[in-house]
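Per TrEMBL, Fe cation binding site is recorded for His56, His58, His100, Glu102. According to TrEMBL, the feature domain 'Pirin N-terminal' maps to 24-117. Residues annotated as domain 'Pirin C-terminal' in TrEMBL: 170-273.
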Amino acid sequence: MEKPRQVVRKFLARPQHEGAGAVVRRSIGRFELRYFDPFLVLDEFSVSAPAGFPDHPHRGFETVTYMLEGAVTHEDFEGHRGTIKAGDVQWMTAGRGIVHSEMPAGPGTSKGLQLWVNLSSANKMVEPGYQEIQSKDIACTSADGVTVRVIAGHAMGARSPVCTRTPTMYLDFTVRPRAAVRQPVPASWNAFAYVLEGEGVFGAERCAPAGAHHLLLLGQGDGVEVWNQSDRPLRFLLIGGEPIGEPVAQLGPFVMNTEEEIDMTVDDFERYANGFEKARHWKSQAMVALGVE
């Protein structure tokens, strides 16, 4: 690593309401940072039944759900259903269209993160699909006071089995007090860090530490250095991706390249066409149980 990346912007993700009663801390996709190519949204969410994310559509990108506590039940109009538990990852390719729900799987509060990764124009209309990895199967390694869980990409000799259509790294680091991380990142990629617990110093040892719920945009370079100078463990995500470099047109859960494509997507959804055919007669079990028409 010849040129460590420095922090160029820092945001505190504040709580806001989203879905049906869920609370999210949105750091990407807010008014100060609408898009950080190829990343559209990063939400840290907290939800307790009966709140959640009921039936809703997507087209043109991928969602990555990483559970921290509790569990969420996912189901879609293709009949795919499952529970994402603490430590599990679901990498969903919405592609040409999907309608699904994400609701708490039991009592108590469920917490996690959802990242939206954009797809290139060549991949926006691919068939929907899933890559689901249980916590026990996530690549993990430790050395010198640092533990990393590799959601996507590779770090410290560990490699994720996830195949990313948009080249992406997604690393979950835990750093013991007085330990440090030196992680390469491809120089052409955009990258950021998001602090989950504790506080860390990013980029240069002289910098002020950043605490929980802070997003740190990293500048140009071929890697990142992070120090835990506190007496508590530090946990943070390091996420990077290859920029797509294409125009972005977005209307809520639809992300395409032009406004004309957005108009076509809305029309497809309303007419149950071109990927949304099965939405006409589908309703999630969660909505049926709640008696929603």
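Glycine is no exception: its Cβ is also placed from the backbone N, Cα and C atoms.
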Any further residue of that chain within 8 Å (Cβ to the Cβ centroid of His56, His58, His100, Glu102) of the recorded Fe cation site:
Phe53, Asp55, Pro57, Thr63, Asp76, Ile98, Val99, Ser101, Pro253
His58 (Fe cation binding site) has how many other Cβ neighbours within 10 Å of its own Cβ?
22
Could you tell me which of these binding-site residues, His56, His100, has the greatest number of Cβ atoms within 10 Å of its own Cβ?
His100
Return the count of C-beta atoms lying within 10 angstroms of the C-beta of Glu102 (Fe cation binding site), excluding that atom itself.
29
Using DSSP, what's the helix, strand and coil tally for the domain 'Pirin N-terminal' (24-117)?
0 helix, 67 strand, 27 coil
Give me the DSSP three-state residue breakdown of the domain 'Pirin C-terminal' (170-273), ordered helix, strand, coil.
13 helix, 47 strand, 44 coil
